[in-house]
Structure formats: C-alpha cells, structure tokens
Amino acid sequence: MTSEQGWVLGLASLASFMMALDSLVVTTTLSTVRQDLSASVESLEWTVNAYNLTFAVLLLTGAALGDRFGRRRTFVAGLAVFTVASAACALSPDIGTLIVSRALQGVGAAMVLPLSLTLISAAFPPRQRGRAMGLYLGITGLATFSGPFIGGAVAEGLAWQWIFWLNLPVGLIAIVLTARRVEESVGPNTRFDQPGVVLVTLGAFGIVWALVRANAAGWSSAEVLGALVLGVALLAAFVLWERRTKAPMLPMRFFRSRAFATANPANFLVFASLYGTLFFLAQYFQTVLGEGPLGAGLRLMPWTATLMICAPIAGRWADRFGERWFVVGGLSLQTVGATWIAVVADTDTGYPELLPALIIGGAGLTMAMPAAQKAVVGSVRPNEIGQASGAFMMLRILGGVFGVAVSVAVFAGVGGYGSAAEFSDGFSAAMGAVAVFAFAGMLVALGIPGGRPTAVAAPPRSTGAVPRAASAPWSCPGPGRCPLAVPQAEVPLGRCPGCAFPLDEARTVSPLTDVEDIDGR
C-alpha cells in the first residue's frame with residue numbers, strides 16, 4: 001500500500017467511523033430520549049429515519065456533485081455539514097428540533113459516504129480492492145463495536161446530548177487532513193444532470209416518506225399510497241430520462257451487469273435486516289431484561305464486534321474466491337441468528353441464551369457487506385465507480401428505512417410498550433420479519449456471478465485481436481483503437497492505460513470497448 005493509498009483509506013474510514021458511531025450511539029439512547037423528550041414510538045422512529053430519509057434521497061446527488069465539482073471538495077463540504085448538524089442535535093431542546101437536526105446530518109452524510117467508497121475504489125486496483133474495503137469496514141467496525149458501549153456510558157454517566165458532541169473533534173480533524181492529504185479528482189461526466197437529480201430525489205423521497213409514515217397513517221391510507229405511487233412514477237421517469245440523456249448520473253447499462261443487478265438488491269436486504277435488528281435489540285435489553293443504557297451497550301458488543309473482526313477477513317477472501325458465497329453464506333447465518341432470537345426471546349430469557357445467536361448473526365452480516373460492495377464496484381469501469389457507489393449507498397439506506405418501517409409495523413401489530421411481556425411479544429415478531437429479510441437476500445445473492453476468473457496474457461496489439469489462448473504482453477492504444485474490441489477476448493493482469501479498464505480479471509469484450517467479465521459481470 002502506497003502512502004497516498006494509506007491516506008485515502010484512513011480518511012475515508014475516519015469519516016465512515018464518525019457516521020457509524022453516530023448512528024449506533026443513537027440506538028442505545030432511544031429509551032432515554034423517549035423519557036427525556038416525551039417522545040412517542042413514531043417520534044423515535046423519526047429520529048432514526050429523518051437521518052435515513054435525507055441520506056437516501058440525496059446519495060446519488062452527492063455522488064453527482066462530487067463527479068462534477070470535485071470529489072475532495074464535496075467530501076470536505078459534507079463533513080462540515082455533518083459536523084455542524086451534530087452540534088445542532090446536541091443543542092436540541094425538543095424532539096422536533098432533534099428530528100430536523102438529524103435530517104441535516106443525513107444531508108452531510110449523503111455528500112460524504114458515497115465519495116468515501118469512490119475514493120477508496122479509485123485508489124486501489126481491483127485485486128486489492130476487496131482487502132481495502134474489508135479494512136474500511138473493519139475500521140468502521142471499531143465504531144460499531146464501541147458505539148453501543150459509548151452511547152450507553154455517555155447517556156448513563158453524562159447526558160444523551162454528548163453523543164453528538166463527540167462528532168465535533170473527529171469532524172474537524174477529518175476536514176483538515178482531507179484538505180491537505182487527498183488529491184482532487186472529478187468523474188467522467190463533468191456536466192451536471194439537473195433533471196436526473198430532481199427526478200431521483202423526489203422519487204426516492206416519495207418512497208421513503210411512504211415507508212416512514214405507513215405505521216402512523218396506515219399502509220392503505222391515501223397519504224401513503226399516494227406518496228408511494230408518485231415516488232415509483234418519478235423513478236420510472238428517471239429511468240427513461242437516464243436512457244436518453246448524453247451525460248446520465250446513473251447509466252442504465254450498469255443494470256445489464258449481473259453483479260450490479262443482483263448485489264445491489266441483496267445488499268438492500270442486508271441493511272433491512274441490520275437496521276431492523278438495531279432498532280429493537282437495545283430496547284429489548286432495557287425494556288424486557290431491565291438493563292440501563294450502559295448495560296444494553298455492553299450486551300450488544302459481541303454482536304457489533306464481528307464487524308471489526310470478520311469484515312477484513314471476508315474482504316480479503318472475496319478477492320481470492322469471489323463474492324457470491326460470502327454474501328449467500330453471510331445472509332444464511334443472519335437468517336439463523338435472527339430466527340433463533342425470534343424463537344427464544346421472552347420475558348424470562350437470559351442473555352446467555354441469546355449470545356450465540358448474536359455472534360452468528362453479526363458474523364453473517366459482516367461477511368456479506370464487503371463482498372456485496374466489491375461485487376458492485378467491480379462491475380463498472382474505474383471512472384464510473386462514483387456513480388455506482390451512489391446507487392449502492394442509496395439502495396443500502398433505503399433498505400435500512402424499509403427494514404425499520406416494516407419491523408415497526410410488525411411490532412405494533414403484535415406488541416407495544418405497555419409492559420415487558422407486551423414488548424417481548426412484539427420484539428419476537430419483529431425479529432421474525434428480520435429473518436425473512438435475510439432469507440430473501442440470500443436467495444437474491446445466488447444470482448451474483450461466481451468465483452474469480454483466471455487471467456491470461458494477451459498477444460501484441462499488432463495482431464488486431466486478442467484471442468483466448470494468448471501468451472505475449474500487450475498495450476492498449478486508447479478508446480476507439482483498443483485491440484480489445486473483440487467479443488469473448490481475455491486480457492492480462494493490470495489496467496488498460498488507454499481505456500482505464502481494470503484488467504486484472506479475465507473479461508469478455510464486446511464491440512466499441514464495452515467490457516464485461518466473462519462470468520456475467
């Protein structure tokens with residue numbers, strides 16, 4: 001790893017660390033916030049989903065802004081917005097102000113997280129990318145591991161507001177170092193797709209609004225159905241527009257890649273399962289088992305620790321063996337873990353009975369996440385990673401919103417906050433829904449292309465073709481003259497200096513240098 005790669009990986013991971021810490025410390029303080037601010041279960045849902053709402057609907061816009069105006073510049077601006085919004089959360093006098101401030105945090109996160117993945121993916125070649133992403137998720141896992149404990153300790157020892165003050169020093173350090181150590185870059189399309197931005201933002205907003213409001217207004221209400229129909233219609237218009245425009249913010253040809261078209265929905269369901277679990281697990285420890293915020297945070301640590309431990313290993317092995325079975329296997333483990341909790345959870349259930357399920361489910365989720373990320377960013381050209389990352393992140397957060405909305409609906413239909421027994425009944429049903437998400441994701445992940453192909457050398461470019469059985473090295477003269485414009489050719493390790501295609505895996509090449517992997521990527 002070069003010094004430049006190290007700075008990019010470290011700063012992108014630091015930004016992700018800050019946002020993961022913020023997300024997780026909130027989950028262990030929900031009960032305290034509910035009591036201090038007299039918040040209803042709907043308001044608690046909004047403290048989580050207000051962040052996810054703005055985050056999800058602006059992710060593609062954040063990626064497009066980075067490609068147009070500079071990735072480092074947009075990354076730093078997003079860090080500044082997130083840091084200021086964290087201070088606003090800490091100063092919130094009521095639940096409404098807290099919700100608005102959380103929404104502003106989501107705006108900053110939408111400018112940062114897709115570009116963190118873009119910066120890493122652009123800095124590392126494909127054969128090193130899985131390991132880099134594993135390290136990225138592993139560093140994020142430090143926040144995941146410590147977040148529940150920090151949130152519980154701060155809420156119990158000081159006040160829940162201090163969980164937001166923690167973001168200020170981290171944010172300021174990240175802003176200064178990024179401005180000094182990361183080179184500026186732009187995406188392939190410097191024109192800003194304004195119609196695309198408007199359509200995808202409003203369409204995603206309609207769908208997320210419907211999911212968030214469904215439990216309060218009713219799934220069959222005019223408000224929810226109207227928002228859902230409008231959101232779907234606007235996203236359909238977005239697809240039509242992106243197919244016609246010369247500079248799309250999300251090229252529709254990405255979906256012709258089997259890896260892109262299957263890893264994205266699988267990851268949607270990974271995060272539906274993850275967020276559904278997160279929303280209720282700490283509350284179960286406090287409401288049913290009688291733990292305080294600190295005790296709940298400590299009991300979550302075996303589950304959250306798996307991200308720090310398993311993600312780097314899974315990312316490195318995915319480089320060697322391919323992504324499919326890590327996503328499939330990981331979601332299978334989460335299905336087992338969530339089902340276990342749903343079956344045994346009760347008012348008299350001891351923590352030791354839940355511990356194996358927490359470890360199994362946590363390990364499964366952290367196996368699936370880096371492998372799914374690698375499958376998506378490895379399915380596009382290097383200069384298009386920003387666009388693919390924006391779509392990946394948006395679907396990931398939409399998955400989280402979907403998971404919380406559906407699991408809350410299931411919880412409300414069976415249980416409530418009236419007593420420990422009532423909460424336990426609703427919790428078991430909600431964890432059953434979480435298990436269904438994981439199982440559905442496992443089935444979708446079976447469509448991800450299989451193992452990593454074997455690369456071979458290609459003949460000299462003077463032959464004008466690149467047959468399968470080749471032995472001599474070659475170099476690419478550039479787009480339009482690339483000798484790889486031969487169907488079903490294979491290429492050597494390395495990267496094409498003219499077209500910037502990553503060439504470290506065997507690939508099929510269609511006319512006009514539209515490169516895809518042999519196994520369907």
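From the backbone N, Cα and C atoms, a Cβ is placed for every residue, glycine too.
Summarising the annotation, TrEMBL assigns transmembrane segment to 7-30 (among others).
Here TrEMBL flags 8-453 as domain 'Major facilitator superfamily (MFS) profile'.
Residues annotated as transmembrane segment in TrEMBL: 50-67 (among others). Through the fold, the transmembrane segment (50-67) approaches residues 23, 73-75, 78, 99-100, 102-107, 109-115, 118, 186-190, 192-193, 196-197, 200-201, 204-205, 208-209, 212, 249-250, 275, 386-387, 389-391, 393-394, 397-398, 400-401, 404 of its own chain, all at least 6 residues removed from its boundaries and within a Cβ separation under 8 Å.
The transmembrane segment annotation in TrEMBL covers 74-93 (among others).
Per TrEMBL, the feature transmembrane segment maps to 135-154 (among others).
Non-local neighbours of the transmembrane segment (160-180) in the same chain are 7, 11, 14-15, 17-18, 21-22, 25-26, 29, 32-33, 36, 72, 75-76, 79-80, 82-83, 86-87, 89-92, 150-151, 154; each lies 6+ residues outside the stretch with a CB under 8 Å from one of its CB atoms. Annotation comment: TrEMBL describes 160-180 (among others) as transmembrane segment.
Within the same chain, residues 45-46, 49, 52-53, 56-58, 60-61, 64-65, 68, 224-225, 227-228, 230-235, 237-238, 241-242, 245, 247-250, 394, 398, 401-402, 405-406 sit at least 6 positions outside the transmembrane segment (192-212) and bring their C-beta atoms closer than 8 Å to a C-beta of that stretch. According to TrEMBL, the transmembrane segment annotation covers 192-212 (among others).
Here TrEMBL flags 224-241 (among others) as transmembrane segment.
For 262-285 (among others), the entry in TrEMBL reads transmembrane segment.
Taken from TrEMBL, the feature transmembrane segment applies to 300-318 (among others).
Residues 263, 266, 269-270, 273, 277, 314, 317-318, 354, 356-372, 375, 428-429, 431-432, 434-435, 438-439, 441-442, 445-446, 448 of the same chain lie 6 or more positions beyond the ends of the transmembrane segment (325-342) yet place their CB under 8 Å from a CB of it. Look at TrEMBL and you will find 325-342 (among others) tagged as transmembrane segment.
Annotation comment: TrEMBL describes 393-414 (among others) as transmembrane segment. Taking Cβ pairs closer than 8 Å, the transmembrane segment (393-414) reaches residues 41, 45, 48-49, 52-53, 55-57, 59-60, 63, 110, 113-114, 117, 204, 207-208, 211-212, 214-215, 219, 264-265, 267-276, 279-280, 425-430, 432-434, 437 in its own chain, all 6 or more past its ends.
According to TrEMBL, the transmembrane segment annotation covers 426-448 (among others).
Within its own chain, the transmembrane segment (262-285) is flanked in space by residues 24, 27-28, 30-31, 45, 48, 52, 148, 291, 293, 295-297, 299-300, 303, 323, 327, 330-331, 334, 338, 345, 351, 361, 365, 368-369, 372-373, 375-376, 379, 391-392, 395-404, 406-408, 411, 423-424, 427, 430-431, 433-435, 437-438, 440-442, 444-445, 447-448, which lie at least six positions past its ends and keep a Cβ under 8 Å from the stretch. Only residues 6 or more beyond the boundaries of the transmembrane segment (74-93), in the same chain, are considered here, and those with a CB under 8 A from a CB of the stretch are 15, 18-19, 22, 62, 65-66, 100-102, 104-105, 107-112, 115-116, 119, 161-162, 164-165, 167-168, 171-172, 174-175, 178-179, 182. The average pLDDT the prediction assigns to the domain 'Major facilitator superfamily (MFS) profile' (8-453) is 82.
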